[in-house]
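Single-structure report; data block below.
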């Protein structure tokens, strides 16, 4: 029993799951609003795109890097897809074009970091601004109102339901299952942990570390684009504000779910749990009518606390191994 309790405490995923259950119970008994269908649907719509991006971010964090441009890629993809459909291009070609844009952003980041030696912070901040600039250029006179979408076959992705659950939520679940299988059951997936745990040692044993970094950034960009497409479908219109601050929310979610800034650890299930936990926190803020300013302050405190705990655990582990 003691051994089981120790394993539970050490497992970040189980700890977060317990916290989620506690939060749900508190919110269920403390508010009549939390359990209504409108709030349930709103949470689905919030969780799905963020969790899809969190999958890509978690894979990056496991491999020892991160991407601050995901929100920008999400937004610019939505704008491009909307513009293409407004110009008369079909739904499928527009979606494919949007995914290619995300993939292009991801590979560009990967090239800068893996082959150019650019710090991921600098590289992805740069592409963040490039993406936001492209959004303004694409939307031009539609900055205020956005570009509306009238294709029903596109809107069904974000607004349609299957068995009472949004289609975008089902898509998210498929992506999570595939990604979890990738990192747990395949050699390529396990390479992510090797590279994130010890980049130089991985290179010396023959792992093509630069290619791994390139592919992880590409996947992150692709998933950010997919999230942008689904969110645009959900709202039925592109928006200049789509994806703003999503990168911070997703990174916080991944850290809550078991990732480490130093790399080498994490899980896709943990990323999902982190997103759900943060969504519940935001839902609690809204139910309690806490202003946006205070919400930002509290989320900032949570981020600082999580990063500080992560830094402490990394330092303690390195000291135990005799690295410092």
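Note that Cβ sites are derived from N, Cα and C of the backbone, with glycine treated the same way.
TrEMBL lists transmembrane segment at one of the ranges 141-162, 163-184, namely 163-184.
With a threshold of 8 Å between CB atoms, the same-chain residues lying at least 6 positions outside the transmembrane segment (47-66) that come near it are 74, 113, 120-121, 124, 166, 168-169, 171-172, 175-176, 179, 183, 192-193, 195-197, 199, 212-213, 216-217, 219-224, 226-228, 230-231, 234, 246-247, 249-251, 253-255, 257, 259-268, 270-272, 274-276, 278-279.
Panel annotation: around the transmembrane segment (110-130), residues 65-69, 71-73, 209-211, 213-218, 247 of the same chain, lying at least six beyond its termini, place a Cβ under 8 Å from a Cβ of the stretch. Annotation: stretch 268-288 has the most Cβ pairs under 8 Å to the transmembrane segment (294-314), among 14-35, 163-184, 212-230, 268-288. In terms of C-beta pairs under 8 Å, the stretch of 14-35, 78-103, 212-230, 236-256 lying closest in packing to the transmembrane segment (268-288) is 14-35.
If you count C-beta pairs under 8 angstroms between the transmembrane segment (236-256) and each of 14-35, 78-103, 163-184, 212-230, the highest count goes to 78-103. Contact between the transmembrane segment (163-184) and the transmembrane segment (212-230) holds: at least three of their C-beta pairs are under 8 Å, each pair 6 or more apart in sequence. If one looks beyond the transmembrane segment (212-230) by at least 6 residues along the same chain, the residues whose Cβ comes under 8 Å of a Cβ in the stretch are 48-50, 52-53, 55-57, 59-60, 63, 65, 67, 69-71, 73-78, 81, 95, 98-99, 101-107, 109-111, 113-115, 157-158, 168, 171, 175, 191-192, 195, 242-243.
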